[in-house]
Amino acid sequence: MEQKENHARRKKGGLITMPFIFGNEVCEKLAVVGFNTNMISYLTTQLHMPLTKAANTLTNFGGTASLTPLLGAFIADSYAGKFWTVTLASIIYQIGMISLTLSAVLPQFRPPPCKGEEVCQQASAGQLAILYISLLLGALGSGGIRPCIVAFGADQFDESDPKQTTRTWTYFNWYYFVMGVAILVAVTVLVYIQDNIGWGIGLGIPTIAMFLSIIAFIVGYPLYRNLNPSGSPFTRLVQVAVAAFRKRKVPNVSHPSLLYQNDELDASISMGGKLLHSGQMKFLDKAAIVTEEDDNKTPNLWRLNTIHRVEELKSIIRMGPIWASGILLITAYAQQNTFSLQQAKTMDRHLTKTFQIPAGSMSVFTILTMLTTTAFYDRVFIKVARRFTGLDRGISFLHRMGIGFVISTLATLVAGFVEMKRKKAALAHGLFDHPHAIIPISVFWLVPQYSLHGMAEAFMSIGHLEFFYDQAPESMRSTAMALFWTAIAAGNYVSTIMVTLVHKFSAGSNGSNWLPDNNLNKGKLEYFYWLITILQFLNLIYYLVCAKLYTYKPIQVHDKGDSNSEGNQIELSTTV
């Protein structure tokens, strides 16, 4: 009877669930990107915010939306599970989108249009409050969706089952590809509607898309492989730290086999395999040393923990330096939706005499390059690299991330030279003092920097996702996905700090500034890009050192191919 139940349970999940999960992701990304991509234009043209204030508003809320995943991951891993966390968070996000759409439709929620050369009236405190509440609801909703949906999709594949043919690294590639297609639609169709038809319709469409995404996700519930939450991972980490501190004066044991193990206690948090002892951070091993005061059968977890729980904390600590290395890449990427977009607004965007590309749609080149690179990586690169490395995934995620760092550094280097060319064209045509004039230089000069950012994302961001999911303890995978988003949060906050500091300290007595509010032609944006380039180069060196010293987690997995076998297999998780 039990075997039949297990068989029925294993039948859930797999490829059959992907249309529902990807359907949710397509609609959700259509909504999120449809809001965010052109939001700098909404804030500056509809609410009349100064450029630097609008840029910082977006990066601040973007950063907040990338910090709230820690809360969402905690709820999912500890209490509600991923499915219900995603569902509730989607509803919260939906409310925020309805609020923002209504503010775009109803004239009393925004200042009156500008008249001629008069100084535009900025949004009132009440109008800004509606905006901020809407963005805050969006940030809270993102906190439940972002860390859980990608981990929930990966959970549908049981890699310890030899009959499972789809690997999680393939899932991550195609998850990002599907997400990219949705973003592509958002930055083309939706941005065009917002710029040429109206913000009410342009924001209303993604609001409806978000509603459809909730329906699609809920409909697939009977097919999902739901893993039950196993208690607060943060509590377990703190328990190990406290236990190690309390036993700090206890001498280390002579052999790891003497450390405490309890398979029954760890059953709910090690279904995919048990973490084995590693040689690093031996001071934490003291949390697993049994003393006369400890009860082996029902231990006080604030005094005694198993090796598996100790290794959970070690895994998270080992991931920290690699996590930190991703921050500056996001800082560089963030400029596309702020200063790069403002560059595009001053350039000739005509494809024909009557049609021009909306400035907010320039990121289409980032997305197209990301999609092309991801498809090439999955279909061609992996097969070629596999012949040389012997790894199923072609190259390790650490190598993949390193390639992304190099490409991102080139992107900001190129961006600086393009800005010099744009300003030279403005000066040559007597438009240097006309901030709203269109400079007769093609917007396609920006394509290299946008495309390089897309290529970097295909390597770095997907590699980052793989790294967090693969190297995190299995009971903390939502938390690991939250770490991915907190790196994005930190990157956005670093961008805000850099913009603020550069704007403040580059200001001259004659009114000059690297990042001026009103006339980009008079600024030194190229210096700002090159400052980011130098920081990224230093970050690359830091990453190479961290990657060289990184130790993959060893895990003991149970072979599900033979139900009668009691043997275990020990492997480094990166070779899966």
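Each residue, glycine too, has its Cβ placed from N, Cα and C.
Outside the transmembrane segment (82-107), and at least 6 residues removed from its termini, the chain residues within Cβ reach (under 8 Å) are 24, 28, 31, 35, 42, 46, 72, 75-76, 127, 130-131, 133-138, 140-145, 148-149, 151-152, 155, 199-200, 202-204, 206-207, 210-211, 213-214, 217-218, 221, 224, 226-227, 478. Residues or ranges marked as transmembrane segment by TrEMBL: 82-107 (among others).
Residues annotated as transmembrane segment in TrEMBL: 128-154 (among others). Residues of the same chain lying 6 or more positions beyond the ends of the transmembrane segment (128-154) and with a Cβ under 8 Å from any Cβ of it are 17-18, 21-22, 24-25, 28, 32, 35, 47, 61, 64-73, 75-76, 82-83, 85-86, 88-97, 99-100, 103, 109, 168, 171-172, 175, 224, 465, 469, 477-482, 484-485.
If you look up TrEMBL, you'll see 174-193 (among others) marked as transmembrane segment.
Look at TrEMBL and you will find 200-224 (among others) tagged as transmembrane segment.
Annotated transmembrane segment per TrEMBL: 316-334 (among others), in sequence order.
TrEMBL lists 355-377 (among others) with the feature transmembrane segment. Outside the transmembrane segment (355-377) by six or more residues, the chain places 37-38, 40-41, 173, 176-177, 180-181, 183-184, 187-188, 191-192, 194-196, 336-337, 340-342, 344-345, 348-349, 394, 443, 446-447, 450-455, 457-459, 462 with a CB less than 8 A from a CB of the stretch.
Look at TrEMBL and you will find 397-418 (among others) tagged as transmembrane segment.
Taken from TrEMBL, the feature transmembrane segment applies to 482-507 (among others). Non-local neighbours of the transmembrane segment (482-507) in the same chain are 52, 55-56, 59-60, 62-67, 69-70, 72-73, 146-147, 319, 323-324, 326-331, 333-335, 338, 464-465, 468, 472, 513-515, 524, 527-528, 531-532; each lies 6+ residues outside the stretch with a CB under 8 Å from one of its CB atoms.
According to TrEMBL, the feature transmembrane segment maps to 527-545 (among others).
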Taking residues 6+ outside the transmembrane segment (200-224), which of them lie with a CB under 8 Å of any CB in it? 12-13, 16-17, 19-21, 23-28, 30-32, 34-35, 38, 83, 86-87, 90-91, 93-94, 97-98, 100-101, 104-105, 152, 156, 186, 190-191, 193-194
Please tell me whether the transmembrane segment (316-334) and the transmembrane segment (174-193) touch - that is, whether there are at least 3 C-beta pairs under 8 Å between them, with each pair 6 or more apart in sequence. no
